[in-house]
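Visitor: Straight from TrEMBL, here's the annotation block:
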- 102-214: domain 'Phosphatidic acid phosphatase type 2/haloperoxidase' (DOMAIN)
- 73-93: transmembrane segment (TRANSMEM)
- 100-122: transmembrane segment (TRANSMEM)
- 142-160: transmembrane segment (TRANSMEM)
- 172-193: transmembrane segment (TRANSMEM)
- 199-220: transmembrane segment (TRANSMEM)
Amino acid sequence: MSRHSTRPTLHSVLLKDLVLGFAAAVFLLFVFLLISKSLASPWIDRFDSVISAWVQSYRGDVFNRILIGITKLGNGITETIVFIIVAGYLWVMHRRRKEAALLFCNLAGSWLLNETLKVLFIRVRPDRIFFLVDATGYSFPSGHAMVSSSFYGFMVYLLWKHQRRKWRAAWLIPWLGAFVIFLIGFSRIYVGVHYPSDVLAGFAAGGIWLIGCIAADKILQERSFR
């Protein structure tokens, strides 16, 4: 089959993916706006208090070490090291320079967007007496949840994209990635530096940015067939 004969099919698949992505982004935006508009509401206070108390009730030496280790996966230093390794691998070993560039835009953009949102909402973090790790800056939305869901989510997407036809168990990749991202967000509640609503909003905002980056990759991929 020639490249030209596959163009209509690729275009229709791209259009379908973009529509589904847009719908998902609208839903995530609704979730983010609902939480952000309710930060001063009693139901958010109750939600945060109940979930935080429940999560932190499991604190102990073993869980403390595990969750503190997991939360470090969302640190800026860790993500920068991971980016250098993965982007270098994509750029040097496979000549996937567009994907490496998109990965940079994903990470840098999510960092910048998160810092902007924090300054806009200026929500103070929980009381420091609950902290198991040091944390500075504002609380909403959670940077670990937002950047991790976008950055690690995009890496999961790239891995799945290239392995889904080569590896029978490739369907596990999104599930394992989502589980790790969930644990990073969960760890921020456990170590006491974020409210649950911070984490949920971070996931929503990070998901929107992730969808945008995936859409950009799909558009670039479709254009490469022209």
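Glycine too: its Cβ is placed from the backbone N, Cα and C atoms.
Bear in mind that TrEMBL entries carry predicted annotations, made automatically and left uncurated.
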Visitor: How do the residues of the domain 'Phosphatidic acid phosphatase type 2/haloperoxidase' (102-214) split into helix, strand and coil according to DSSP?
Guide: 86 helix, 0 strand, 27 coil
Visitor: Take a look at 73-93, 100-122, 172-193, 199-220 and tell me which one has the most Cβ pairs under 8 Å to the transmembrane segment (142-160).
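Guide: So the stretch in question is 199-220.
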Visitor: Answer with yes or no whether the transmembrane segment (199-220) touches the transmembrane segment (73-93) by the criterion of at least three Cβ pairs under 8 A, sequence separation 6 or more.
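Guide: Contact criterion not met.
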Visitor: Looking only at the domain 'Phosphatidic acid phosphatase type 2/haloperoxidase' (102-214), what is the model's average confidence as pLDDT?
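Guide: That region's mean pLDDT is 93.
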